[in-house]
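A short write-up of the structure that comes next.
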Amino acid sequence: MRPSDRVDGARLLARLMDLARFGAREDGGVDRQALTAGEILARAELVRWGRELGLRPYTDAAANLFLRLDGAEPSLPPILTGSHIDSQPTGGKFDGAYGVIAALETVQAIRDAGLQPRRSIEVVAWTNEEGSRFSPGMTGSDLFTGTRQLTIIESDADAAGVRLGDALAGVLGADVDIPHRPFQFEVAAFVEAHIEQGPLLERAGIPVGVVTGIQGTRRYRVRVHGEPAHAGTADRAERKDALMAAVRMIAAIDTAASSPADTKLTVGLFEIKPNAPSVVPADALFSIDLRHPDNAVVDRLDTEIRKIVERERGPCTVELKQIQHSPSLTFDSAVRATIARCAQVLGFPHQDIHSAAGHDARQLHYVCPTGMIFVPCRDGISHNPAEWSEPDDLTAGTRVLADTVWTLASEA
Ligand SMILES: [Zn+2]
């Protein structure tokens, strides 16, 4: 008997749909941003499911949620598996939630098969992966792995001025009898199942992706300071037009990033002040999100971006702030091999795939052997209410996860 034999696809899908009730949007999507009332309810539901299975819940100062199945040798470092339950404001039912529900199904399948792993297994939901409310994301996995410190970020505020520390206290205050643990306990391995959020697996007709690594990301905020002036009277030569400078910068950065062709450049945020039709813009703020699997490409464009903003600022002043730098990474080869072998034994076609998006697995890979399993999603659509994955693919990914986690928890 293997754990995958006991994975129940109908139960998996039912729990995914159940979880999607918390923060449900009218269009069928999910708006369950980090540390909100919707997330508190979803978290309580997970704890309830876990307790029904005899799992013990734990949390920490970042409100990461762990549901623990004790192994035969409970003093050994555990295997962690999970993802996140927060969403973008225009999120779907699967991003993050799939990895957590698949992890819960994995533990239930192991129990239903009458098996006890050697190592303990913990289902985990990391806090604020998305970063839409408190930016940047990956808060829970960052704090757990020591990449960031809570004392430094607890006064970060959301758009309404709510401090991260207070939002965390709100979630932790709603917990009932959930013990706290310190950050950074030893972990034997981490495996995260996730929808691909891209079109490759669906196009190839392959249900299981063995994720080789995550492409590098650099994120910036660029603030251009000019001077407000009258649209009718201010001479063109004397203007300090922050918007025009910003537009020149963005056009030049777009050109620089046009090669190699698989470079991803996004300017997703743009604000100007005073944003009035007859006033020369005094301030412009924009974001840059730059990604490529090859670190050398990202580093070269970083140098170019810095040159461009200086060159195109004209009479304005400019501040460029890099807010994130995550180099490309490669996942542990032994974990990848275990995932591929489990898929092979189950007869599921699988292929290696590079992750274009960031995930909590990035942070975990710094502290323990880590891997990810991708399943296809329709048309590659994600961060969108239309997000969808076929139940057969969700089940296939979960069966591979169950055998992978079992193998990792049983081996030396
Ligand atoms: Zn996600």
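Note: Cβ is positioned from N, Cα and C throughout, glycine not excepted.
Now, the feature entries from TrEMBL:
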BINDING   H84, D95, H194  Zn(2+) 1 binding site
BINDING   D95, E130, H383  Zn(2+) 2 binding site
DOMAIN    213-312  domain 'Peptidase M20 dimerisation'
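When pLDDT values are averaged over the domain 'Peptidase M20 dimerisation' (213-312), the model yields 96.
In terms of C-alpha distance, the listed binding-site residues H84, D95, H194 place D95 closest to H383 (Zn(2+) 2 binding site). Its own atom aside, the Cβ of H383 (Zn(2+) 2 binding site) has 17 Cβ atoms within 10 angstroms in the protein chains shown. H194 (Zn(2+) 1 binding site) and E130 (Zn(2+) 2 binding site) have their C-alpha atoms 14 Å apart, to the nearest angstrom. Highlighted in sequence order, S83, F94, G96, A97, Y98, G99, E129, E192, I195, H359 have their Cβ within 8 Å of the centre of the Cβ atoms of H84, D95, H194, the residues recorded for Zn(2+) 1, and are not part of that set. The Cβ of H84 (Zn(2+) 1 binding site) lies under 8 Å from the Cβ of G96, G99, V100, A125, W126, T127, N128, E129, E130, G140, D360, each on the same chain and at least six residues away in sequence. Sorting the domain 'Peptidase M20 dimerisation' (213-312) by DSSP state (H, G, I as helix; E, B as strand; all else coil) yields 35 helix, 33 strand, 32 coil. Counting neighbouring Cβ atoms within 10 Å of each of the binding-site residues (E130, H194), the lowest count belongs to E130.
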